[in-house]
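Shown next, in structure tokens, is the structure this report addresses.
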Amino acid sequence: MLKKTIRDVDIAGKRVFVRVDFNVPFNERGEVADDTRIRAVLPTIEYLLTGGAAVILASHLGRPKGKRDDRFSLRPVADRLSALTARQVRFAAEAVGPETEAASRELAPGDILLLENIRFYPEEEQNDPEFASRLAALADLYVNDAFGTAHRAHASTAGIAAHLPAVAGLLLERELDILGRLLSVPERPFVALIGGAKISDKIGVLERLIEKADYLLVGGGMANTFLAAQGHNLQASLVEADRLETARYLLAKAGPGERITLPIDLVVAPDREQPEKRATVAVESIPAGWAAFDLGSGTVRLYANRLRPARTIFWNGPVGLFEVPGFDRGTLDLARVIAAAEATTVVGGGDTVAAVKQAGVLDQVTHVSTGGGASLKLLEGRELPGVAVLQNR
């Protein structure tokens, strides 16, 4: 780890501004429905509190578009965090302003203050220097523990570091270490499973994985585009017609052999609303007007045989329309294969994590990345703005 972390600085008696990712779902009663992201940052919070710091937490929630919207208030998160930490968590109804500044000055070691949704302010996503300065005025030290937003140059992820000493939290440190090792010194065989709808979303990471992985297994809608680039008729399946040349370029870059491994059969149906009519067919035998919605059983076996001997596995993106019963088998079966592998297993992306949970194997993977877009940018070799601004060791 080339960046300083909270272990490298004096925290006793300090007010510490921690950027976290509490972008969590609520249930119909307005309570936190899934506290995974809150639990992920607890080690950082506990380390700071035990070390004699007062903690000021800032996060976004949803997309309020730069204005107050009570549907996206973080107040319910304060209640959940209080339960998880067994401490009173104070809540500031404004992220900045005289009342919040007064509340921050009154904090004693061991106190926690959660600010209201940072994206209620348009200046946040604009990385406004004045807004960043007002956030910095609340604290003595800045900590980024929000890997999921580290690829964004916002006031609370980048701009604030111009005004305070800036270091990484324990969650961010773990993400950078694990994902960094994934590409620098992976134990081999290294197998990557990449799904999702579009090649265009993942061109950079596909290029990098072709160079680094022993096998790159492709699923989801993007597999259709690769198959179409090889000349297969995918009928009504999702295909990015404007990315066929990109797919051919990636296949050529991989060279002969099966470094890029594509489906040999697919689960097809007349449309997504009729899974009961599904059939498994070879990729060259899709009925006219039908579309692919999942990997076929032969492909699942092929991919499982690539994954089982692996010593390092990275998975991003479901391989089918797993949220629809009948089109979920490929994703869930491969989730269980990955979880059972004697390998370092890293999964990332919101849909992928949801699939692993649905398969009941979340606790069996080595690392669940808290950042979808951020993990892909890092694996591409791109510098993350929220990491670049942190102090070097």
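Backbone N, Cα and C define each Cβ position, glycine as well.
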Given that Swiss-Prot records Asp21, Phe22, Asn23, His60, Leu61, Gly62, Arg63, Arg119, Arg152 as binding substrate, the matching residue among Arg37, Arg105, Arg134 is Arg37
Given that Swiss-Prot records Lys202, Gly349, Gly350, Asp351, Thr352 as binding ATP, the matching residue among Glu173, Glu175, Glu323, Glu383 is Glu323
If we take the residues Asp21, Phe22, Asn23, Arg37, His60, Leu61, Gly62, Arg63, Arg119, Arg152 that the record assigns to substrate, their largest CA-CA distance in Å comes out at 18
By the 10 Å Cβ-neighbour count, the most surrounded of the binding-site residues His60, Arg119 is His60
Most isolated by CB count within 10 A, of the binding-site residues Asp21, Glu323, Asp351, is Glu323
Most isolated by CB count within 10 A, of the binding-site residues Gly349, Gly350, is Gly350
